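S.K.: What TrEMBL lists as region 'Disordered' is 38-66. Per TrEMBL, transmembrane segment is recorded for 118-137, 175-193, 258-277, 289-306, 375-397, 409-428, 440-461, 473-500. Annotated domain 'STAS' per TrEMBL: 540-668, in sequence order.
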Amino acid sequence: MGDYKNSFSTSVNLNALERSQRRKTLLHVVDLYSGDVDRSEQPGYARNQQQGRRGPPSILVSPPKEKSLGDKVMGFIPIIEVIRTYNKQLMFGDLRAGLTVGIVLVLRSIVFAQLARVSVIVSLVSSIIPIAIYGLLGTSKQLSVGPEALAAVLIGASVTEELEAGGPGITADQIAAVIAMLVGLTALLLSLMRAGFLDSILTGFMKTGFISSVGLLIMIEQLPELLGIDLTRKPPPTFSSFEKLVATSKAAMQTGHLLTSLIGLAAVVFMVAMRYVKAKTNIAWIKAFPEIVVLVGVMIGISAAIDLKQYGVRTLGTFSNRFPTPAIPPLNMDRMGRLLGGAVAQTVVGFVESMAVSKDLGMQYGYNPKPNRELFALGTANVVGSIFGCFVTMGSLPRSKILADAGGRTNVCSLIAAFWVTVFVLTAGPVLKFLPLSTLAGFVLAAAMSLVHVSEIVFVFKVRSWGEVAGMVAAFCATFFWNIEQGTLIVIFLASILIIRRSVGVDMQILGKVDVSVPVQDRDGQIQQVLQSRYLDVREHPEATLLDDILVISVRSPLLFFNSGNISVAVDKLLKAQKTIAEASGYPSQKGNAGQIIIFDMDGCTAIDAGAMYLMKENIHTFLHLGVKVLFAGITPEQRILFERSGLIEMVGEKNVAPTVEMAALRAETIKMQGY
């Protein structure tokens, strides 16, 4: 016993270099299994450490109030709350934005009909019914739902394949409606499963790379119409953004049309200039100036007056305005089986894109869109829309930006846009036919320019966060150099791997012994400063002493079935590392891990599930078999019930379960000295 005390005393008084080496070695092991946790960002962390506390700050929280039926209804129909707080200022902005987006929807819907291989009226109706449904149910105030470039391209590919596989008796319009139904049902199922967390797949600077790449793709897709190249030289939809850029550049040099290019570039310059002027001025009428409406009106007037078509400028032309009859899409098992995979991919990709722009706009205008409610709104919009013959509708990145820039601030602008699309479809065909397509391409390209987040790209390079740079570049390259569908799925896969890698880690701290001065009142009422031992994180307290053969680990995150395996591997590595360091310091020890003690401080562990408890029990059984003693400290009453039911307390012994880590440490020292 005396030999142990002498060796214990010697080990505690290691020189500073040895203590530093031990600390670095153990913390290196912790970092390998911690899931890249940055402890400095935990709420109240530094304050708790300074006060010698290990758990999260105590907060008195009032019990949630039971929601009334009216509150529940308003939760599912957000437009009700919007109307209750509506005012003239919001109305004027929404009216202007609704008219602007209505014009854009009509114009772009005609273009997207060609991409989706459907009739023009189907694309136009897709800009009415789903938008109205989303306006009632959506939680994003500036998200413009409707036909979208990426969805149109994917639908066109699926329609072409299904027409070849499905045989006669079904039209392209019906196939597009079936896909919309499947996308809507998938979104509703994900909403029911509360899978709104999918919106977090693309976050941070990886999202910056993804959105910038999609913005660049949209700009490249406008170039054929903007430059007036021969349509037979237009690159196919399946090309990557890079291939489209190369093919379009070659075609523009050989078949580009000068007057068309000048008209398109004039539209781009006008839109960019107006955006700059609005950003620099505080004059109300300039900020409210409807530049898109003015641009379209002026160009229609010029085109009609001098007949630009005779000079080789392509114009919008006429289209049918006969609405399809509502009906359930022709569903059958074989067709659904062939289309389901693409529908699921479109749902995930469309939702991720929609939430990416919703979060950006929500942050800019001070609200938080709710992912699960967004899934419900988008799913309902597509299911109802499919009955009216619509194809898939999701949030559009450039159109949402146009809506916000035009003054849209609430969901009402979506309802106004749907109204104006209906009016335009029924009445404006004879006028819209004169609009030059290069003007249309010009203002869409100008809107897409704002999606390339130059300031964020410059920032991440400036701070030299090379991990973030790598993620951003990978996301950009995946969507720029691959087919857009494959590239998007690759980005989602890479982001998912990163999230899973971080989520399976366990936030652990190595605790060391620190003597702190604590004021204590003696019998005479005098305040005396008394030294007391505390066990604190050695990261925050380099002076903390690490005891030989006593390893104190604080678990700071939930232990669940998917991450609990990491803690057992980490503990095994820590035990071996501590043993090696102790032996190198001249401290005599037994062979293997026998004689070592582990203290698990559970004060910061907020939850444990049955899977993690089972694995913990198996690991502790192994530790005990190897001669390693296990103690627990700071378990909550709820955790104790689970510990007792699992037989874990019986396994380690009631004496080895302490209320605090300090008491557990005293018990561990007693075990070391007395052997029980």
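Counting starts with 1 at the first residue shown.
Positions of Cβ are set from backbone N, Cα and C atoms, glycine also.
Help me see these features in their spatial surroundings.
M.R.: Proximity of distant same-chain residues to the transmembrane segment (118-137), defined by a Cβ-Cβ separation under 8 Å and at least 6 residues beyond the stretch ends, is recorded for 76-79, 105-106, 109-110, 112, 143-147, 152, 155, 159, 172-173, 176, 319-324, 373, 376-378, 380-382, 384-385, 388-391, 393, 411-415, 417-418, 421-422, 425.
Below 8 angstroms of C-beta separation, residues 78-79, 82-83, 86, 90-91, 93-95, 97-99, 101-103, 105-106, 109, 121, 124, 127-129, 131-132, 134-136, 138, 141-142, 144-145, 321, 365, 403 of the same chain, each at least six residues beyond the ends of the transmembrane segment (409-428), sit close to that stretch.
Sequence-distant contacts of the transmembrane segment (473-500) (same chain, six or more residues past either end, CB-CB distance under 8 Å): 150, 153-154, 157, 200-203, 206-210, 212-214, 216-217, 238-242, 345, 348-349, 352.
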S.K.: For the transmembrane segment (440-461), give me same-chain residues lying six or more residues beyond its boundaries with a C-beta closer than 8 angstroms to one of its C-beta atoms, as numbers and ranges.
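M.R.: Contacts with the transmembrane segment (440-461): 104, 107-108, 111, 205, 208, 211-212, 214-216, 218-219, 222-226, 263-268, 270-272, 275, 292, 295, 316, 397-399, 401-402, 405, 468-469, 472.
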S.K.: Going by DSSP assignments with H, G and I as helix and E and B as strand, what are the residue counts for the domain 'STAS' (540-668)?
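M.R.: Helix/strand/coil tally for the domain 'STAS' (540-668): 63 helix, 21 strand, 45 coil.
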S.K.: In terms of Cβ proximity under 8 Å, which residues at least six beyond the ends of the transmembrane segment (258-277) contact it?
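M.R.: Distal contacts: 225-228, 286, 289, 291-292, 295, 299, 308, 311-314, 405, 436, 438-439, 441-443, 445-447, 449-450.
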S.K.: Do you know the mean pLDDT across the domain 'STAS' (540-668)?
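M.R.: For the domain 'STAS' (540-668), the model's average pLDDT rounds to 84.
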